[in-house]
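A short worksheet on the structure shown next.
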Amino acid sequence: MGTASSLVSPGEVIEDGYGGEGGEACEIPVEVKPKARLLRSSFRRGPRVIGASFKSTGSVDLEYAAEYERLRKEYEIFRVSKNNEISSMQKKESKLDEENKRLRAELQALQKTYQKILREKESALEAKYQAMERAATFEHDRDKVKRQFKIFRETKEKEIQDLLRAKRDLEAKLQQLQAQGIQVYDLNDSDSDDNQTTVTAAGTQCEYWSGGVLGSEPSMGSMMQLQQTFRGPEFAHSLIDVEGPFANVSRDDWDAAVASLLQVSPHVPQALWSNTVRCYLIFTQETKAELDVFIKKHSPVLRRMCEGLGHFYLNVCFPEENAASYAVERKQEIERSSVSVVEDCEEAFVKNPDGHPLVLYLRTEEDHNLTGPTRQLLERVNAADKAAKVKVVDHSGSAEEGAELIYSQLEKVIKQELLAFEGADVDSKDSGIEEGREEDSGDVLWDLHDEQEQIESYQQARSSTTSQLGFQKYIDRLNDMIAAPPPTPPLLVSGGPGSGKSLLLSKWIEQLQKQSPNTLFLYHFVGRPLSTSSEPVLIIKRLTVKLLQHFWSISGLSMEPSKILEEFPRWLERLSARHQGNIIIIIDSIDQIQQAERHMKWLIDPLPVNVRVVVSVNVETCPQAWRLWPTLHLDPLSPREVRSVVNAECQSMDLKLTKDQEKKLERHCRSASTCNALYVTLLARMMIRLATSLEQCLQCQDTMSLYRLALKMTLNSLNTDREQHIMREILCLVCASHNGVSESEVLDLFPELELPVLSSLLYHLNRLCIVTLRCGLIRFQHLQAWEAVRLEFLGGGSSSASYREKLIQYFSQQLSQDRVTWRVADELPWLLQQQEDRTKLQLSLLNLFVSQNLYKRGHFSELLAYWQYVGKDKSSMATEYFDSLKHYEKSCESEDTMTKLANLYETLGRFLKDLGLPSQAVAPLQRSLEIRETALDPDHPSVARSLHQLAGVYVQWKKYGNAEQLYKQALEISENAYGAEHASVARELESLAMLYQKQNKYEQAEKLRKRSVKIRQKTARQKGHMYGFTLLRRRALQLEELTLGKDSADSAKTLNELGVLYYLQNNLDAAKMFLTRSLEMRQRVLGPDHPDCAQSLNNLAALHTERREYETSEDMYERALDIRKRALSPDHPSLAYTLKHLAMLYKRRGKLEKAVPLYELSLEIREKSFGPKHPSVATALVNLAVIYCQLKKHSEALPLYERALKVYEDSLGRSHPRVGETLKNLAVLSYEEGDFEKAAELYKRAMEIKEAEPSLVCGNAPSRHSSSGDTFSLRGPAPLPHASSM
């Protein structure tokens, strides 16, 4: 054994063999005895020591032996214990191995179970999706079958009605023959079959088209109302009586009023419907200083104001030194001008035949005395200005003060007379204008520019040529095709490019509007590809909104693009069933719509029975699936029609072709490409206006080559290289733009360009069918003109990028100046997308005002498409907007900027809500609410808007309690801010009604809905719908000019029309004045007993009824009835008109005994006109029965009700609302007779019909032909209806 120090060296680490932690060895001083061996060796080596003993050596050995034995035993004990520990550890290890194996087996089993469950989940999801697809397919098939069955049922019902009508006609003819003494054999009395005559009634196909299903939707009410109320549907909705295109136009239907206005005025001056405020300036040398100050200082302010309101502003001025060289252009500008500022003007403007507003600025002497010429000028103005259109400003101070006076007066004229704002204190920066326009349409966002573009497209297509192209045969065929019995697929009008499809459709619309005033026309003219007018979602949305406008509620329309396309057929079916009349949808150039077949799938489904769709296509690009539809193909022009077109163009310039030229032209125009209307028109104008030789034109074998020749010849006709360059640049910019460029934008892009030169250039290009002005923008007249410019000047489109860059720089500069107009929002993102510059496109979209402009004008799908092109999904797009808004919020300090910030937050919230992201929409809407409550006032109207939008999010989450509370708060704020009869109040009431309807609270919803509809009707009468009010006001000014001559029947008719227009504008005082003048003039010219005098009396009676002057109204109705009884046949419609309204007046004044014979006579007239089983007869029966009930003649009322119920059930079906209304009246009658069980049974059936009736938008809003406004109470006379018709 060695020493302890020999086992471990200092500094070494001792490792624990049993798993303990190691430690560092250290020296420990130990005393060790020497071994015996060592002692013995020491004895041998050294000398023996005397006296030493061996005994001490043995004792040492024994001690070591004992120590050894003790250590051995300890070692043995230690070894045994460690062996025991090792065996126990091995046992534990084996147990752990077994546990590990068991756990591994369980884990594998769990993994197998998980994989099995995962596979089952995937199969379940797949089965779910398949089931959803099958359900969607089934629902689509079910809806399709329902529509087909409905069409089939209505078709058969119509056939039965036609047969019954034919039978009645034959019976009437038989009675006439018998009355004339002609012997007619009775088939039943005849013994011989040879004497029988088989009469086959072909019926009148147009009878179906001219008739309409009754669309009244009366309220069922509660049992308490049942005890108190009888209801009668009345005959019609109108009070004003006007023959012609204004017939059946309601004061509440502004679209129909505007359509009728355009019918009466086929040549409405462009100034009335142009989007550009054109200020024509005339000056002299004495007033040139004022003009310079005005143009430099005040004109930009007017331009910003107009652009902020969505219009263009343009100063038109022809300097005196070159005015003579622009005579034609100057005349055109005078006709197109919206307002004129004349300074010491000339006599042409004093007459002012077109009714333009005119500001006359006169410089006076310092003593305010007028010079002789100025005094004569004022005398001529006073003599000519009977309509008070001239505003005279006289001034003797400085030029700056004079310019300021001109500006203030001109601002009032633009706001009040041109843009139709009620007050002159409208601030263009006030967002209330935009908000007010938005509120008129509820939550649906509407773009007035798109609507105005369509009206101008229709106007220009209708007046595109003065020659007759033989279209009457096509119009007759169109009438026959739409009169065919249903179901009918869409009608296809096909032809080559420039064959006149748009012209034909516009002429056809014009004729049908005059012949069928009850027909609703929805048209859309598609422009060139990639333009806004060819966007399918915007097209379908516009048509849907136009449909919904007739029912006073459009808040149920979705903003999501896919849903808009999907829901249009359902809206069409619902609304067509409620429209008394027929609906014709016309889409011109439908093949130019982007992916037309995919987006227009609804055309393939069966159409409702009273709906017709007419579409025009290019014969070369028509989809194959559409070629199976009934087609009207436009043939090439005949030689006679070619000569007619050429001669009409020549006569306009006092020219005439030689015989040789006529023969050459006739020989040339024989192929399809040279015999279309556009080619011939363009060829004739080139020969006349460009002095192009006929031989040069005849070398062009198609319209495209002729257009390219016209472009070359126009360039050569210009005087200077600069003018040629400008013309080429303008056309290229128009070609490269999204929707065109405006005149003011052209003048900005070319500062050296003068307006007379631009006006002359545009005039000549317009006469050559190349460009036109539409919605204030320079656009190409035809798609072929656009293609010709692209080939001639842009190398087939390869040079378009450079021109797009110019436009990008121009609009980006406006963006950097914080001038975000609708033009910037329309053009800049689209141009960047075409340039494939995703970075700049994203930056432009993150300009919050650009996105806000697009969204608020309803271009939701366009904005979404831009973000998709950038590569952002909905969530990342929302994040980008949030970050941009937070960055913008840091710079907002003033109240104005905080208001803009709140509007931006609200727009973002609405946008996200429409995207289907309500959880992300809450934050910006709440932030908008916080800002408005802090920066403005908790009771400010804009706070109500935030509450309204937040409530909409809660409705999506189905948290109806929270939504109801927010809606009620918004309603209270709106009522306190605007009063109880404002459009904002109507919107909140409508939203609450929808909420209650979702909760099955139908009675509460019905009450709120009725109140909302009344408010919307009243506000529409007060300020008009869209811009129809402005058109009516301008038309009234025009008509006023026509009545200043001497007395005549035409002047009296014009006065009557003018009175009706003022009545439509709710200007009852002016209406009374003109209607009275019309009556007096007719009495002088035609005599007091002429039927026209009865018309004027009827209209005056309606006006006095509106003013609650019932005695005067009753006297005039009686006079009109007396005249018409003597002058007209007993069943004349005009007689029934007056008869109806006099009976209504008697009834409402409580003169029931006097009303009974009138209702009885009305019943007789209807039975003679329509037969005893027509719904109109049932309507008359119900009205007479109601009168008897009010007189307590229940026994006489009962058979009338029962007969009316039978007629309604047979003609309209057992589940029609009219059946329910009649059942309710029968229940009232049974209740008052004491038969409570029968009353309960009838009322239960009536409620079942009510509940089964599908809701429309937010409920059953009455149509413009609904008669629910003519209901009255049994307890006393009800108020007279306010809705009137011309």
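Numbering starts at 1 and runs along the chain as displayed.
Glycine is treated like the rest: Cβ placed from N, Cα and C.
TrEMBL lists region 'Disordered' at one of the ranges 87-116, 447-476, 1257-1286, namely 1257-1286. The region 'Disordered' annotation in TrEMBL falls on one of the ranges 1-20, 321-340, 821-840, namely 1-20. Secondary structure counts, DSSP: the repeat 'TPR' (1094-1127) has 31 helix, 0 strand, 3 coil. For the domain 'Nephrocystin 3-like N-terminal' (487-613), the DSSP-based tally of helix, strand and coil residues reads 62 helix, 20 strand, 45 coil. Predicted-model confidence for the repeat 'TPR' (944-977) is 90, expressed as mean pLDDT.
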